[in-house]
Each structure stands twice: as C-alpha cells, then as structure tokens.
Amino acid sequence: MVSRIQHPAGGYMKIFETCEELNEPIPAIVVGVIPEWLSGGLLRLGPGLFEVGAEPFYHLFDGQALMHKFDLKNGHVTYYRKFVKTDAYVRAMTEKRVVITEFGTAAYPDPCKNIFSRFFTYFKGIEVTDNCLVNVYPVGEDFYACTETNYITKVDPDTLETLKKVDLCDYLSVNGVTAHPHIESDGTVYNLGNCFGKNMSLAYNIVKIPPTQKDKSDPIAKSKVLVQLPSSERFKPSYVHSFGMTENYFVFVETPIKINLLKFLTAWSIWGTNYMDCFESNETMGTWFHLAMKDPAKYIEHKFRTSAFNLFHHINSYEDDGFVVVDLCTWKGHEFVYNYLYLANLRENWEEVKKAAMRAPQPEVRRYVLPIDVHREKQGKNLISLPYTTATAVMRSDGTIWLEPEVLFSGPRQAFEFPQINYSKFSGKNYSYAYGLGLNHFIPDRICKLNVKTKETWVWQEPDSYPSEPIFVQTPDSVEEDDGVLLSIVVNPGADQRPGYLLILNARDLTEIARAEVEVIIPVTFHGMYKP
C-alpha cells in the first residue's frame, strides 16, 4: 500500500487554490461504461475560497465551503458546484475581508470603524463560524452540510441551494457536534458533542435525532440527549472528530488533544487569536476509551486506557463474543496533527513537504479490543480471548484496563485515512474490508483497500493524480461485502484537457470501470455521500 510515486512538480498545490462556482451543471466526457444501476449523485464538501480580497485563509480547514455534485443518470454525468451561502461566506463577500474567525485564521475588526467601536467589537462575545465545509448527511428527508460547531446548514441536494442555518444549541445541550454522525437504516441519527455537565465541569453528550416523523415535523426538534460521558479534565474537553457505534454500544475515544476552555472563551477578545491557538496537548494522560450502552442508555464505568495518539476517523466497531472491537486511523503521540495542515506547509515544494512530514506524528491503522465483562478477571492477565487478534487488554492494580493494539497497516509517513466501509450492511458488524484515501506525506495520491482480517491491500494510483475519499456504493441485491463500486473525485492538474474527473472503481480489486472528465480543476474535498 505504500506510495512509490514522488511529486517533485508540485501539482498537488492546485487542489489548494480558489475556484469559481458554476452557473449551471456542465456535461462530463465519459470514458468507459458506467453501470446501468448507478443512478444518483455524489455530494462532496470542501474549501473553495482560500482568500477574501487581500486577506488569505491560513489553514486547510478555513477556506469557505464549496459543495460539489457529480450527477449520474442513464450513463451520462454532469458536474456542478456552488458555495454554501453561510453567514461566514456572505459577510466575507460583502465586506471583502475575513469577518468570522475560522479554524486557523483570525478575523480582525473592521478597519473602517473607529477605535471605540473596534474595542466593543472585541467584547461582544464569541461569534462561532458556520462555515460547513466538512461533510453532508441526511436528517429525515432533509440534508445538512456541517463543520464541527453548533451550526449546521440545510441544503438542497439537487440544486445545491442554501436553505437554512440551524443552531443545534436551540434543541440540545451541546457546544458542537462531530462531523461524522452515525445513521441507522430507519434514518435515526446519533452524534456526539461536548457539553457542560455536573458542577459546570465538561462532559460529552451522545444525542439522538429520530427518523422522519409521521406528521412531517422537523426531526431535529424531537432530538434528545441519550447519555452523558465524563471528561478526563474538568475544563478541557478533547478534540473529537468521530466516534464508534456497534449494535448495542457507543465507543468514544478521548485523546490528549485538548481544547483550553479559558483560551477559547477569551480568544475573541485577544487580537489575532483563532481556534488553533486554543488547542494544547496533555502529555501525561495518554488516551482513554469510553463505552456506553445504547438501550437502555447507560455509561459503563470500566476505565480503559492506552498510550497517546491523535484520532480523527473511526473505521468501524463491532461486538464479538463479549468484546467490542474498535478499528481506528491513528497518529502516534500527543502532538496535534493539525499543526502540519497549514496551507503554507501544504503548498511547499515536495522536498519541504517531506521534511515537515518527517517531524509530524506518524500514522497507523490499529485495532483495539475492549472486554465488556471484566469484574471477575484477575489483574495482570490478558482479558482478550478472540483467536484472530493480537490486541490485548490487561487489568492493572489501580483498576484500569490497559489496551495494546494490533497494527493492521503501517508505513513510514503513509496514511490510510478518510476510511469508508460498506456502511449500509456492515456498520457496527463484523466486517472484512475498509477503503481509504492514501496520504503520502500528507498529500492525497492514491485510493486503498485493506482487508482487516488478512491485512492484504490493494491500491489505485496514477502519476500526478490526487483523489478524494472513496465512497462505497453497493451493487443492488449483492451478497458479498465488497460487491460494489468506489466513487472518488480525482484531479490531474497537469492534464492537457479535462483535469478533473469522477473515478469509478471496482470495489473488489480497484480496477477502473469508468471516469467522467470535466474541463475544470476541482479543489480538495473532505467528506460526502452518495444519494441514490
């Protein structure tokens, strides 16, 4: 799975450049034959505006949200994109400057105001961004673009029009939620966010949004908190990007990447402070695993601990014979990986990109196994009896259960990230295959498939081509887990014509089925979904 391709020409820099939205869908040139049953839309989100006037955005997660759609119908394909008209975007375009502070870019007061009005601007309170550039997911019959704050934005998946801004704080006790909710087959949505718990200490709430209502009312209005999980530090919640869910349990991994709440609450009164300035690492806590039951909703008091790592994406979790198996895309150590994702770093020449990646935390796909019943076990004994894994769990004298992982994939500065599975059939269940975007020194340059049982790998890769997260779409009425296709947006900046395309791969062996090419460059995208 390790990438052998180098990128000395720096074509990857093109995926971090501003583009224009389209007035109408443009037709794609199809090479190959698209399966007849593949009829729907691939929706993707990412940054599309990397500067406003003379003011640049500094971090990968700052550019203003651009929504993309490849529409497939009767073997024909069109491509469309529009900026999500968030408050952050509209105000920036109106005032020709960065108005709302983003992840790594601070917003400054309007220079046209006098010194007194600028002073009061600092102290008017936190203005949280609604720049929903990370993901899109369904709630009932609606679709919402999201980031990781308390704001989600309702969008039309057909026209890509922005419909409504929703503040989840109006319905739930959360300060924000992850960009990766879990969605059951009936449409029930589960998510996790930090909150203020007992005695004003920080905690984490798992929330539930019901499926489409019979009376057609808004499901978000019926959302509720299911269970609360404790925080390792009273005033410093961990950064959370995703969580795990099995048929009967929730899995929350609390990493040592912390949000300093005091800095966060005062950040908007300090000149030049942004979200990234509020992160710090707890070098002594390691990583904590939390389990909670779904029904009845209940926190499980076992104290699972392991060494420090960064975590952004869960691959899958499932139960097996009294154990919860948790597969993760980890980054070793306690230093925050996002420190290396400033645009200045990603736009460097190839040798400098490689030097930075040498200093950064190193990626590894890991499997952890958590025993559910540990009350009668003796300390010092490996509690894991599953025959197919080398992962261990050992009870210590202080009552904590120390976890050691099985490594499913590891390569120097080669990440298997942005993982996807056959979600509709195997989410929360024992599975075999994971698909991912291969990062070569942080540059996305391949699509990967990993057999988590045998550790066998497959790779799709072409020179000077930069794909996005591969989305699995199952073949209708299929039986085999990997019977389907992968959809990914790929950019080849040096192509003489049609540098952007939708790539369709056979999910079994990653051979190409077809591609739909368009005459535009497509900037980097993070996450998305396929809508039949």
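Cβ coordinates are placed from backbone N, Cα and C, and glycine is handled just like the others.
Per TrEMBL, the features are as follows:
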BINDING   H180, H241, H313, H527  Fe cation binding site
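When the binding-site residues H180, H241, H527 are compared by the number of other C-beta atoms lying within 10 angstroms of their own C-beta, H241 comes out lowest. Other than the site residues H180, H241, H313, H527, same-chain residues with C-beta atoms no more than 8 angstroms from the centre of those residues' C-beta atoms, the Fe cation site, are V134, N135, T178, A179, S242, F312, H314, F418.
Listed in sequence order, H180, H241, S242, L328, C329, E417, F418, P419 are the same-chain residues at least 6 apart in sequence whose CB falls under 8 Å from the CB of H313 (Fe cation binding site).
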